Amino acid sequence: MKYDLSCNCHPVGSRGKVCNQTTGQCPCKEGVSGLRCDRCMKGYQQTKSPIAPCIKKIELSSSNSYSIYNRNENVYRYHEQDANNDGDNDDDDDDDD
């Protein structure tokens with residue numbers, strides 16, 4: 001099979017190398033636009049992934065922000081607890097020696 005490379009489809013944004021011979025449109029991945037599939041559609045943001053170069057933007061409402069804040073707070077508490085446990089374990093090890 002011989003591909004027509006004259007349309008110069010973007011290697012990451014397109015799903016293939018063959019474009020429509022009439023319009024010149026390359027077959028774009030989800031969220032990607034442009035004749036060459038070289039930019040993200042409105043409402044999408046660029047990623048570094050060659051599999052999904054553009055993903056939908058996530059808009060957070062105030063209720064979502066609250067749950068994310070709580071998750072971050074829990075992560076902080078978890079790390080703080082780990083640090084305390086590590087200190088306790090070190091003290092226990094020293095007493096056993």
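Using N, Cα and C of the backbone, Cβ positions are placed for all residues, glycine too.
The annotation compositional bias 'Acidic residues' is assigned in TrEMBL to 83-97. Annotated disulfide bond per TrEMBL: CYS7-CYS19, CYS9-CYS26, CYS28-CYS37, CYS40-CYS54, in sequence order. The domain 'Laminin EGF-like' feature in TrEMBL is assigned to 7-56. Summarising the annotation, TrEMBL assigns region 'Disordered' to 78-97.
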_Rounded to a whole angstrom, what is the C-alpha distance between CYS9 (disulfide bond) and CYS19 (disulfide bond)?_
7
*Once the chains shown are all counted, how many other Cβ atoms turn up within 10 Å of the Cβ of CYS54 (disulfide bond)?*
23
*Indicate whether CYS7 (disulfide bond) is helix, strand or coil by DSSP.*
helix
*Taking the domain 'Laminin EGF-like' (7-56) alone, what is its mean pLDDT?*
95
*Could you state the whole-number distance in Å separating the C-alpha atoms of CYS37 (disulfide bond) and CYS26 (disulfide bond)?*
6
*By a simple count of other Cβ atoms within 10 Å, which of CYS7, CYS9, CYS19, CYS28, the disulfide-bonded residues in the record, is least packed?*
CYS7
*Rounded to the nearest Å, what's the C-alpha distance separating CYS7 (disulfide bond) and CYS28 (disulfide bond)? Just drop the number here, would you?*
13
_Rounded Cα-Cα span from CYS19 (disulfide bond) to CYS26 (disulfide bond), Å_ = 4
